[in-house]
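Trainee: What follows is a structure written as structure tokens; I'll ask about it next.
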């Protein structure tokens, strides 16, 4: 196995979970940005949320254009951090189904590993209810693909995944989280324009489609934009309180220095 383990930063993990919980009916996807060290450990520092051109319940696809754009973003982060950043993996959600990758997922992963043997895949299974406690659960796994013995098919190999705690939310992950509502809105707009451009639709159907479009946007504002804004406001208030505490501590230390002098 090319990769020994994967370490994902806590704020990048938070973006993945938030993205996975944003859509219950279809799968969502994104790309992981990070680096691979000499011990074959993958370190994921940030993620890029991808826009879906085609919403499907059971699969997702990454276009070459999206992969190219992610590579450019990785180069930008490499220039900022001075570290060898690159696209090291992909993630997608499994709403209401098992966390284990499907045969399509395993084949897709094998295709990516042909370009980079260190490429990894992450899956987040969400909207799953525990039968005993009746509470929701989020399961996640990391995997790679290997060729099965005496077969042309590929099989999954689980890769240990460790979430590295992070006390703060770095700017690059904060930007990804803020980008989520805009991407979801763009997906709805694309779907509406694609349907609205059909010439054979009558007036009643167009009005109905417009109502559905408005309803979906309002649902996104209620489920995604509103909570995200509240979370950002809470973080801002926490930062302000912390700044006041540090300022008070600074003034106290300066006063003690004057006393000693």
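Including glycine, each Cβ sits where the backbone N, Cα and C put it.
Here's the feature list from Swiss-Prot:
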- 92, 94, 105: Zn(2+) binding site (BINDING)
- 6-149: domain 'MPN' (DOMAIN)
- 92-105: motif 'JAMM motif' (MOTIF)
Trainee: Excluding 92, 94, 105, which residues of the same chain place their Cβ within 8 Å of the centroid of the Cβ atoms of the recorded Zn(2+) site?
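Mentor: Other same-chain residues near the Zn(2+) site: 27, 59, 60, 93, 101, 102, 121, 123.
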Trainee: I'd like the number of other C-beta atoms within 10 A of the C-beta of residue 94 (Zn(2+) binding site), please.
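Mentor: Result for residue 94 (Zn(2+) binding site): 23 other Cβ atoms within 10 Å.
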